[in-house]
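Chemist: The structure under discussion is supplied below as structure tokens; questions concerning it will follow.
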Amino acid sequence: MALADDLTFVQNILTRYILTICFIFGIIGNLLNIIIFCQKHLRKNSCAVYFITTSVFNFLVMCFGIIPTVVASYSSYDYSSYSISYCKFKAYIVHVLLMVSRSSVALACIDRFALCSPNINIRVLNQHRVAIRLIVIACFLWFIIPIHTLVQINIQMPGRRCGASGTYSIVYAIYAAVVTTIPLIIMVVFSSLAIHHLKHIRSRVHTDTSLANMNVQRRVRVKKRDAQFIVILIGEVIIYFISTILFPIYSMYTAFTSTVVKDADRTAIEGFLRYMALSFLIYVNSSSIFYIHLLASKAFRQECKQLILRLYRREQNNNLAMTLVGITNTRK
């Protein structure tokens, strides 16, 4: 069996089974994320706005990205390779959804940095209404910035592949590397600064003996909740880094080797790396955020447990009410 056949076989296994599992658990996880952060005691927190936005757009990424990919692997017919309009639309909408999701995580890192900053002017960014405004701006920008893909992305021959070609393929590769790297840099820098400032605040609280005990306890409790949001955010940054770092590297590689003559094996390897960078790892990221939250934060696990218990009790009460109604009707 040739290398190309081996890689195609592996790709089909990853798509048909792993991505299908990711889709099922990802849909459940993102919905639970949305429900948990929409609770009254959490949704007023500015960081919760970013978490909700990330979950909503990750949910949409899976619907517009994973479903067509899995269906194409079973039918051996990729509609985006035959319909020019669908090819352009899918490339555009998945890119927009991914960038809004990434921007939301980056903005959440800035929000946590602002919360812990000693500068009162910077702390203004840590407000619920500011978070909503920034999300609206991010959505507007990312629906505008990638419009060039609707014009330039097309079905490439030979091989019937939906993508870029010619000079634009180099331009797009550089563009893709830049827009995926910038959010990552923002995440790493501002989450690191947030952790640094939070440690400083904690040490200052513990050494400040002039405050009343009640006020000290209240401040520590608030900071514990904020610290849990930071822990959750760090988990998102780590999984984003792992799942995305290959994308800018691959994009720059394709830009610099676009004029190189390649043999069949090298072309097959590049095709597999393209699948991993542009599809598989990105979709794994979109489906895993809820489970990263569970692993990273004890407080989030407790919130999830309480939610499940409330849903279970509500179902039990509904069943009991229906039983009582049935008994009453029978006696009549």
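Each residue's number is its place along the chain shown, starting with 1.
A Cβ is built for glycine as well, from the same backbone N, Cα and C atoms used for every other residue.
Look at TrEMBL and you will find 17-37, 49-71, 91-110, 130-150, 170-195, 229-253, 273-296 tagged as transmembrane segment. Annotation source TrEMBL lists domain 'G-protein coupled receptors family 1 profile' at 29-293.
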Chemist: Among the recorded stretches 17-37, 49-71, 170-195, 229-253, which has the greatest number of Cβ pairs closer than 8 Å to the transmembrane segment (273-296)?
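Modeler: So the stretch in question is 229-253.
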Chemist: What same-chain residues lie close to the transmembrane segment (91-110): Cβ under 8 Å, and 6 or more beyond its ends?
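Modeler: For the transmembrane segment (91-110), the sequence-distant neighbours (Cβ-Cβ under 8 Å, at least 6 residues beyond its ends) are 47, 50-51, 53-54, 57-58, 60-61, 64-65, 80, 125, 131, 134-135, 138-139, 142-143, 145-147, 149-150, 153, 162-163, 179-180, 183, 186-187, 189-191, 194, 233, 236-237, 240, 244, 282, 286.
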Chemist: How does the model score the domain 'G-protein coupled receptors family 1 profile' (29-293) in terms of mean pLDDT?
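Modeler: The predicted confidence over the domain 'G-protein coupled receptors family 1 profile' (29-293), as a mean pLDDT, is 85.
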Chemist: By a Cβ-Cβ criterion of under 8 Å, what residues six or more beyond either terminus of the transmembrane segment (170-195) are in contact with it?
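Modeler: Those are 99, 102-103, 105-106, 109-110, 112-113, 115-116, 145, 149, 152, 164, 230, 233-234, 237, 240-241, 244-245, 247-249, 251-252, 254-255, 258, in sequence order.
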Chemist: Which one of these stretches, 49-71, 130-150, 229-253, has the most C-beta pairs shorter than 8 Å to the transmembrane segment (17-37)?
Modeler: 49-71
